[in-house]
Structures are given as C-alpha cells and as structure tokens.
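The structure appears right after this line, and notes come after that.
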Amino acid sequence: MAEAVERTDELVREYLLFRGFTHTLRQLDAEIKADKEKGFRVDKIVDQLQQLMQVYDLAALRDYWSYLERRLFSRLEDIYRPTIHKLKTSLFRFYLVYTIQTNRNDKAQEFFAKQATELQNQAEWKDWFVLPFLPSPDTNPTFATYFSRQWADTFIVSLHNFLSVLFQCMPVPVILNFDAECQRTNQVQEENEVLRQKLFALQAEIHRLKKEEQQPEEEEALVQHKLPPYVSNMDRLGDSELAMVCSQRNASLSQSPRVGFLSSLLPQSKKSPSRLSPAQGPPQPQSSAKKESFGGQGTKGKDPTSGAKDGKSLLSGLATGESGWSQHRQRRLQDHGKERKELFSTTTSQCAEKKPEASGPEAEPCPELHTEPVEPLTRASSAGPEGGGVRPEQPFIVLGQEEYGEHHSSIMHCRVDCSGRRVASLDVDGVIKVWSFNPIMQTKASSISKSPLLSLEWATKRDRLLLLGSGVGTVRLYDTEAKKNLCEININDNMPRILSLACSPNGASFVCSAAAPSLTSQVDFSAPDIGSKGMNQVPGRLLLWDTKTMKQQLQFSLDPEPIAINCTAFNHNGNLLVTGAADGVIRLFDMQQHECAMSWRAHYGEVYSVEFSYDENTVYSIGEDGKFIQWNIHKSGLKVSEYSLPSDATGPFVLSGYSGYKQVQVPRGRLFAFDSEGNYMLTCSATGGVIYKLGGDEKVLESCLSLGGHRAPVVTVDWSTAMDCGTCLTASMDGKIKLTTLLAHKA
C-alpha cells in the first residue's frame, strides 16, 4: 500500500503541474511533508515514535499516539481494543525503561506526574510508580524482563506487525486499487506464460510420441519385407534406370549358387527379356500355373511367362508347405502395399528418400501409387526441406473462432477499440454495430444511418465515442454507451465523401479526408466503385479538427494538386501522419509543424491502405497495383521491400452469384494489420484471413497461418493485441465477421 500511495502522489503532482495548479501543488507538498501517517510507511511511523522517545518529548509522544488512535485505530472493531491498549501500555513502559537506562530519573518522575491521573486506577501500573526510586530496577524481579534487549525487540516487532496488518486490511480509495490490479495482472500474465509453455511442451511431446509410434511400424515393414533397392526406389526410377538395376541384379544372381524359396515365388514381370538364357527355354505350364496362384494376386497385369525360373528350381522351392507360405506371403504383401500407399499419401518425399535396411531377394514390384497432396489446415507450407513430414514450429495456436452475424450486407469497416474489449462494425447499408466478445459475444449498441457512411474511427481517449464519416459531407460523433449522436458537423458540401478518419493518440484532434464525388458515381454515393485506375482521381482535402470544440483547425496542403486521400494513420505519439492518395502518392506530415515533410509516388493506381511499422522507421502500403511495399521514412521514396499479393488480398473485391449476379467493392477499411511486435501481418483473402511472416530475405512472403471460415471474400481486417491473447477480425462481403483468438508462441 505504501508503494501505491507514493506512486499516486507522484501522479497527482504530475497532473497538477500539467494543469498549472502550482498553488495546489505547493500546498500538497507542504502537507505531504508534515504527514503524520508517513505515507502509510510502517517503518517511518515506528521510527517517529522512537525519535520522540529519544528526545524525551512525552507530550509529542502522547499526541502522536492519540493521532494514530483517532485516525487509524478507531476504524478497527471492538475486539481489537485490548490489543491497542496493550500496545499503548508497552509503549509507555518502553519510554520509562529508556529514561532509567539513560539515567534520566527526572523524566521518569515527570512521566508519573503527568500520567498519574490516568494510570493510578489501572492495575497493571500499580507496581510501576516506585520505578524511579529503585537503586537497581534492572535486577528487580518485577522489572527485570522489561530491561532486557529481547523484550524491547519483541515490542518493536509487534508494533510493526500490527501496523502492517492494519494497513493491509484498511479500505482504500479507488485510485489506490491500481496497484493491486497491476499485481493481479502480472500474476495472471505469469500464469498465462507458464500455461503457454506447458501447452507447447505438450504439443512437442505429442508430436514426438506420434513420430516414435510411426517409426517402429516403418522399420518393421522394411525388415519383414526386405525389399530390394529397385522396389523401394520404384517411384523415382525411369525405364532405363530400372533396366540397369535389373541387369545388375541378374549378374549378382548368376554368381550366387543358392536360390531361396521367396525368390522362386516372386513374379518376374519387371525383368528384361535379355535375362532369359537359351538353355532355359519357355516355362512349363505347371510352373506358370503355380506362379499365377501364388504370386499373381498382389499385382495386376503381370506376364507369367516372362523370365520364369527353371522347373527344378521352382519345384525345390515349392516342396515345403506351399499353401501356408502362400497365404502368409500374400498377407504380408498386401500389408506392405497398404503401408506404402499410406506413407506416399502422407508425404511423398519421406518415402522417396528412405533407404532399405537390407537388400533381400527379388520381390514383387508394388502397384503404381497415386498420391494426393494433403490439404493444409492451418499452415500453408507443410513439410520441411529435409522431408520426413516434420513441420516447422507454428508461431500461433488457434484457440477458437467465433462468428458475429448480425450484419446482412457487405462489411466496410471493422475496428477494435483501444482497450481491446469492443468492436465497431459498419456495412454498406449504413448499419453500425458495437459489440463485445469477452467473455461472451454481445451487441452493445446498434444504429442505422439515413445517409450512407464511408468511414469509421474510434476516439482514443474517450473510447466510448465513435467518429462516423458519411457520403453527404458530414462527420458524426456517436456515443456507444448512451446510444445517441452527440453532434454532427458539416465538412464541405462540394466534397461530400468522407473517405478516411484518424484520431490522434493524444485525443485532442482528428484528421478528416474529404473528396469530391467519384467519376463512377456522381449521384448515388452508395453505389460501389469499380476500381478502375483513374476513376477516383478527383479533388480532395485533408483537414484537422479539434475533438473537444469540433471546430476545424487547419487544412493541409496537398502537392502537387488537391487529391482524394483514401487512407490515413498516426504514429504512436501523434507527431507523424501518413496518408495514401488516389494518385498513388504517399505523403508524410509533421503534425507539430502541420506541413508535409515528404512525399513520393508509391503505386501505379490508388493507395488503398497504409500503416506505420512496429518500430515506426518504415511504413507499409498496399495499392491498386497489387503490391505490398515497405518504405523508409528517413529517405523519401526509398523502397525497403516489395511483394506481390494475390488479387483477393488487395481488391477490388468481387462476389459472384447465380444468374450473372456480380457485386464489386473497392477497399474501404484496413487491408492489413500487424501483431504486437510487428513480425507478422494479417491480410484479406477469398476464404478468410491469412497471416504472413515479415522481415524475411525471401522475395515471396511466407504464409504462416490461414484462418479460414469465410464463404465470401474478406474485405477488411484488424488485429488487437490489447489482451494477452491476440484477436484477429476478418469481415467479408456476406456480412459475416470472424473473430479468431490466437496464442502466440514466445521463444
């Protein structure tokens, strides 16, 4: 509690200084300096009592204890009255013992003279009035205990503990509860981190156990079947290579005088005709029939007459229990075929790179395997470069995905507020929904605008307020808790489209982008733009407005000519503003000087979305040309990286239906968002959000996670990291909003 009081005092000082209340600040400092409660510091209160005893100031000691009784002890229940009385008695005895030990009998006599009226009727003091007159009170059995060092230390510790418990149990004002909240938050974060590590450890253990279960089965299959090299590598051998392997094996067989039973049974369909020697001649019908009955069931389309063994070798092999061996062999070959097909369907590279543990006699070639690629559920890239099906560690775990379905038309904007607790969504019909998702998904406010709405932004300081930009030249301030419009201001009648709104992080102002009617929709502002290059090349203005007075402060200069600004974004402290325009130019404004610091042509066509990077040394932009580009803001026009994105990530977005129905929507909301550390980016796609890894050296963005869940193209995204778990929002053209909760893996 003492630490919380001290920090609160500092915050109050800072606030008074910020507001210019210097007289109040001086008065506060004076009262804090004379504070008898010492900021609820127990050690300072005990030190104050000891200092008063050391200077023999009995009156001040009595007054200070009376103040503590009146200010602190009076709040306790009656059952603690005996404890307080015992502490007071021990304090006065401690004072008397100190006067005797320092040979100040006059102070001891003064104590009894001033306290006699109060103490003479108390039984515990009747023996103490003779204390000043005893020659050696420390040897007296009645007082010897109080002169020991142990008793003095015990009293100080008891007083300290009593005050500590008292301060912990005291009701505190709301402003001091933040310390306990911080401690609880830190504790929850630590518990979350422990659970996170346990979760990833369990995942790794499950993966290891699965791998251990698969490995013995694969090894057993290889040991049992003893496949020769040309069978295990059949999937990557051509005809010429296969003929060479067969010829090599023919040479090895001619050198070996011993022929096994299994080799005599295996069909010879893959042998070259050159293997038949003139002395062998054609096979006997009986041997052909035997080969059909025992070996022909495993593989279809075999030629029983090609390359058969002589009758003597075959009959010597069939002499031992041919029926039992044939069934056992057929069962093993079928199991082997199933296992190879399963391995090939799981990962082709794993089976292709395996080497057989032993090369046995000739075996029946497996039938041709048709492998189907495993559709990735979350990862876009599956097996690693070495094969083996071992996936790289996923950066996120999807804890859950929920759907908000109260919109019935295409979403334009979907934004989480600063606290990460509420979401504001806007569709093309002018329906605004404010809803929460923690602990349950619930609509808090709903409103329908008579005029078309084009832009939406949360206020930063009062996060209950929404800024709504319309298509008729007005900006509305909407209170989400009172569920009403606080005010509506007219921006410009000649430039009715409010394309973008951005509120400064300090909450004092916001910027507003107003533009003339688009060339494709001069009358109906709700009609979607077709996204052709040059269709939005209309005049525009960028204005700065005061949030409190709702009055225009200034108009920014847009060089070389006024143009429609599509997107705006502030940096963390509001000193910089970046904008993307319909002419493909990115402009960086200094908000302290209120002027354009630099500008450069970034895209062919319009700039759809622009954001600052995590370290704010660069900005990212997505344009009509389908490029995702990173720019250095310290050098105008310096390109750090450039990537090409799919058309369903950049727009215009197209939703097709039956009978030639086709809906086209140009990007309005945010097209990409970053995680808390700026290492990953969430973008739109035709079936859901896609998360890419940033900062790599590759020329192509690495797709890490596909969120999915949508049946219509996703048109805007947002990523909130205010909570411990990240929350990804993806909104689509069918009015559905998916809320995906992610747990980030921390190394």
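Using N, Cα and C of the backbone, Cβ positions are placed for all residues, glycine too.
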With Swiss-Prot as the source, which of 18-50, 183-215, 612-644 is set down as coiled coil?
183-215
Tell me which residue from Ser288, Ser306 Swiss-Prot records as phosphoserine.
Ser288
Out of Ser256, Ser451, which one does Swiss-Prot list as phosphoserine?
Ser256
By DSSP assignment, list the helix, strand and coil residue numbers for the repeat 'WD 2' (448-488), in that order.
0 helix, 24 strand, 17 coil
Range from 602-641, 664-702, 709-747 with most C-beta pairs under 8 A to the repeat 'WD 1' (406-445):
709-747
Can you count helix, strand and coil residues in the repeat 'WD 6' (664-702) using DSSP?
0 helix, 14 strand, 25 coil
Any residues 6+ beyond the ends of the repeat 'WD 2' (448-488) with a Cβ under 8 Å from its own?
412-413, 415, 417-419, 422, 424, 426, 428-432, 434, 495-507, 510, 512-514, 525-526, 545, 547, 550, 668-669
